[in-house]
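J.: Per Swiss-Prot, ATP binding site is recorded for Ser8, Phe9, His16, Gly87, Leu88, Arg89, Glu97, His122, Ser123, Phe124, Leu125, Ser126, Ser127, Ser128, and the stated evidence type is sequence analysis. Annotated substrate binding site per Swiss-Prot: Ser8, Lys40, Thr72, Arg86, in sequence order, evidence recorded as sequence analysis. Taken from Swiss-Prot, the feature site 'Transition state stabilizer' applies to His16.
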Amino acid sequence: MRALYPGSFDPLTNGHMDLIERAAVLFGDVIVAVLGNPSKKPAFSVEERIRQIRSSTAHLQGVEVVSFDGLTVNCAKEHSADLILRGLRAMSDFEYELQLAHTNRSLDDTLETVFMATSTQHSFLSSSVVKEVARFGGAIDHMVPKEVALDLNRLFNSAFLPH
């Protein structure tokens, strides 16, 4: 099976990595689809995020990283995905994710959405939280892959560098 895992990944967190690693085992092929959303002001360009994800997932078999704009269902069709993968950190994520799943299903009734619970040790992580911690010089090496931590520290000129 081919799973499409869409998101902004700005930046990629260890929570995202956990989901990608587990999905690669479960589904075989995982397409990490980086959304280029012109209405948002990302910390990293789409190209930088793709580089970070490719570097962080290089050890995994069956993981492909692509960019997309527009509807997730169109990206899924373009890449022959069998399902859309979404992560849930808490019940508060579920309502929004369920609404997206229903919307996607209304656009393509052959495409399923599969929800995976985030591992407990990563359930507090969000890209926004990571950026905020990095912006104020806090330790982020336990929150993101090493390359992402280095990029964030360069971006925010943080005194903290990961080991």
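Even glycines carry a Cβ here, placed using N, Cα and C.
Remember, predicted model here, so these are calculated numbers, not experimental data.
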J.: May I ask which residues of the same chain, at least 6 positions away in sequence, place their Cβ under 8 angstroms from the Cβ of Ser8 (ATP binding site)?
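T.: Listed in sequence order, they are Val34, Leu35, Asn37, Lys40, Pro42, Arg49, Ser127.
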J.: Report the largest Cα to Cα distance, in Å and rounded to a whole number, among the residues Ser8, Lys40, Thr72, Arg86 that the record lists as binding substrate.
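T.: The widest Cα-Cα gap among those binding residues is 20 Å.
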J.: Within its own chain, what residues at least 6 apart in sequence put their Cβ under 8 Å from the Cβ of Leu125 (ATP binding site), listed in sequence order?
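T.: Correct list: Thr13, Asn14, Gly15, Arg89, Thr118, Met143.
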J.: For Lys40 (substrate binding site), which of the three DSSP-derived states applies: helix, strand, or coil?
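T.: Looking at the DSSP assignment, Lys40 (substrate binding site) belongs to neither helix nor strand, so coil.
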J.: For the binding-site residues His16, Lys40, Arg86, which one has the sparsest Cβ surroundings, going by other Cβ atoms within 10 Å?
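T.: Per-residue Cβ counts within 10 Å for the binding-site residues His16, Lys40, Arg86 bottom out at Lys40.
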J.: Under DSSP, is Ser123 (ATP binding site) part of a helix or a strand, or is it coil?
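T.: Assignment for Ser123 (ATP binding site) reads coil.
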J.: Around the Cβ of Leu88 (ATP binding site), how many other Cβ atoms lie within 10 Å? Please give the count over every shown protein chain.
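T.: For Leu88 (ATP binding site), the count of other Cβ atoms within 10 Å is 17.
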J.: Cα-Cα, whole number of Å: Arg86 (substrate binding site) versus Ser123 (ATP binding site)?
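T.: Given the Cα positions, Arg86 (substrate binding site) is 14 Å from Ser123 (ATP binding site).
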J.: Starting from each candidate's C-beta and looking 10 angstroms out, tell me which of the binding-site residues Thr72, Ser123 has the most other C-beta atoms.
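T.: When each Cβ's neighbours within 10 Å are tallied, Thr72 leads.
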